[in-house]
Amino acid sequence: MSEVHNDVQAYTLRLELVDEPGELLRSLQPIAEHGGNLLSIFHERGNVTPRGYIPVEVDIEATPDRFDNIVEGLSDAGINVIQAGTERYSERLTIILSGHLIETDLSDTLTQIEATRNATVTDISLSAPAGSIDVSSARFQLAAASGATEEVLAAMREIADEKDLQLVEPLTVGGRA
Amino acid sequence: MRLCVLGAGAVGSAVVELAAEHGHAVTAFADSESAAVDADGLDADAVLSKKRDDGVVGEAPPEAVFDAAYDVLVEATPTTLGDAEPGFSHVERALADDRDVVLANKGPVAERYADLRALEAESEGTVRFGATVGGALPILSTIEDVGPSRVSAVYGVLNGTANFVLSRMAAEGLDYEHVLAEAQDLGVAEADPTFDVDGTDTALKGVIVANVLSDGETEFTLDDADVEGIQELSGSMLDLAQEDGQTIRLIVEVADGGVRVGPRLVPENGAVAPSGTENAVQIEADYCGRLGITGRGAGGPETASAVLTDVERLTD
Ligand SMILES: NC(=O)c1ccc[n+]([C@@H]2O[C@H](COP(=O)([O-])OP(=O)(O)OC[C@H]3O[C@@H](n4cnc5c(N)ncnc54)[C@H](OP(=O)(O)O)[C@@H]3O)[C@@H](O)[C@H]2O)c1
């Protein structure tokens, strides 16, 4: 039979749940149903995403086949799967944005970056030499889904364009970030 | 070889000065207003001091050079955009007369590559232009040796002025305006450094590389390049980069049939973060992987030496 596909791996699922009673339990059902082995749940209750969801990180063990079914089951149940996989955010990249960062709403900028789905912001360093009225700069450390660097950078360009910010991209030619 | 040198600026003058050392005679030499011609070879010292003292190289009109006896036209007049004149007409004239041409002038190769190659095809003469990209650095000759079709990407720093400004900004935490003024005082940046800092000069070099890589399949001009300069960068952006072990350099990327120039984050001590006015490029090619070339890219004597290397290659 499919013995070759039987190797169990660890996966991290990042979910975004609606802030309603029973949502967490509901999200765990597809995992059990499709034969996933729950390892840990990290429930950031106090932490609400800019879109009003509660982020939850779930570590599970499953075979690749079963894992695919789990992700499908979660989506079918209407649960937001933000990140699914072993090496989902395997590429790290740094960008610098400069301009009227504060006036153009830094937190909205962050939300937009997060909303690109293929990237998550892991670190921000802000430098606002002359206060917020003036031009300020920030360095963003991003983790991007493997193979999605170009896509993520294209999204950054759009955000920078829209907010009239200057974007300094990493040199990625030939696959380097 | 008998050289006809057009342009008596930093490059043209250095070619005249160094030609004898390389075993060549300069039989004609012109600036924008005058020419000096001598079938037996001009006296370099005399003609260069005349240029210094009187502002002209001789008493003849510039067109007189084309009637001189010469084998190779060295084109070192200013790089211009669009029609690439007067350089292009100079090259056209020399090729029509079946002479070889060596360019330091980027205009004809960046803006009118197909026209240039078409003229060359009808001529007994050959065109070489190694000096146009990276001055003394053997960038185009390396691509030629590796084989343009084997090269998948070329990227790096090709403008010494912009690189100087950015490395000073990073080292001193100073802002762009301040460092640029300092560079002008030092003579590193020209009185009008627009093309250096707005990315145009780097882009022209990238376009030339793209033309060589595409080998006539697609013609590239400056209009095909995506160009961004360094004028908007601040000292604090460089500080932010540095805190992360990185720096910002004006990088040209020639890959996937496109040319892109702009400030990029690169590892601080990496292969494409040279110091001061140096250039540094990486060539990615089949079999060799990544080849790096770093060194002094521009300057009169440096560029003249590249011109003379091309002259030598004509005889191969
Ligand atoms: N400098 C570098 O490091 C470097 C490196 C690579 C490539 N290049 C290229 O090499 C070329 C020369 O550079 P450069 O630094 O020597 O420039 P430059 O110092 O500005 O000299 C340009 C020279 O061209 C002469 N000229 C202008 N129009 C002419 C005409 N119609 N006929 C004959 N001569 C004419 C000028 O004459 P007047 O003296 O009468 O004004 C001047 O002597 C440029 O295209 C440049 O982009 C330069």
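Placement of Cβ uses the backbone N, Cα and C atoms for every residue, glycine included.
Unlike curated records, TrEMBL annotations are generated automatically.
It should be emphasised that the depicted structure is a prediction, and the values quoted were computed from it without experimental measurement.
According to TrEMBL, the protein has these features:
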ACT_SITE  B:LYS205  active site, proton donor
BINDING   B:GLY7, B:ALA8, B:GLY9, B:ALA10, B:VAL11, B:GLY12  NADP(+) binding site
BINDING   B:LYS106  NADPH binding site
BINDING   B:GLU190  L-homoserine binding site
DOMAIN    B:138-311  domain 'Homoserine dehydrogenase catalytic'
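Cβ-based neighbour count (10 Å, all protein chains) for B:GLY12 (NADP(+) binding site) stands at 29. Surrounding the centroid of the Cβ atoms of B:GLY7, B:ALA8, B:GLY9, B:ALA10, B:VAL11, B:GLY12, where the record places NADP(+), the chain contributes additional residues within 8 Å, namely B:VAL5, B:SER13, B:ALA14, B:VAL15, B:ASP31, B:ALA76, B:THR77, B:ALA104, B:GLY300. Neighbour count (other Cβ atoms within 10 Å of the Cβ, all protein chains): 23 for B:GLY7 (NADP(+) binding site).
Less than 6 Å separates the Cβ from ligand 1 in the case of B:VAL11, B:LYS106, drawn from the recorded positions B:VAL11, B:LYS106, B:GLU190, B:LYS205 in sequence order. In this structure the C-alpha atoms belonging to B:ALA8 (NADP(+) binding site) and the residue listed as 'NADPH binding site' are separated by 16 Å. Cα separation, B:LYS106 (NADPH binding site) to B:VAL11 (NADP(+) binding site), rounded: 13 Å. Geometry remark: B:GLY12 (NADP(+) binding site) versus the residue listed as 'active site, proton donor', CA distance 19 Å. When the alpha carbons of B:LYS205 (active site, proton donor) and B:VAL11 (NADP(+) binding site) are compared, the span between them is 17 angstrom. The two recorded residues, B:GLY7 (NADP(+) binding site) and the residue listed as 'L-homoserine binding site', have Cα atoms 18 Å apart. Applying an 8 A CB threshold to same-chain residues 6+ apart, the list for B:GLY9 (NADP(+) binding site) reads B:ASP31, B:ALA76, B:PRO78, B:GLY300.
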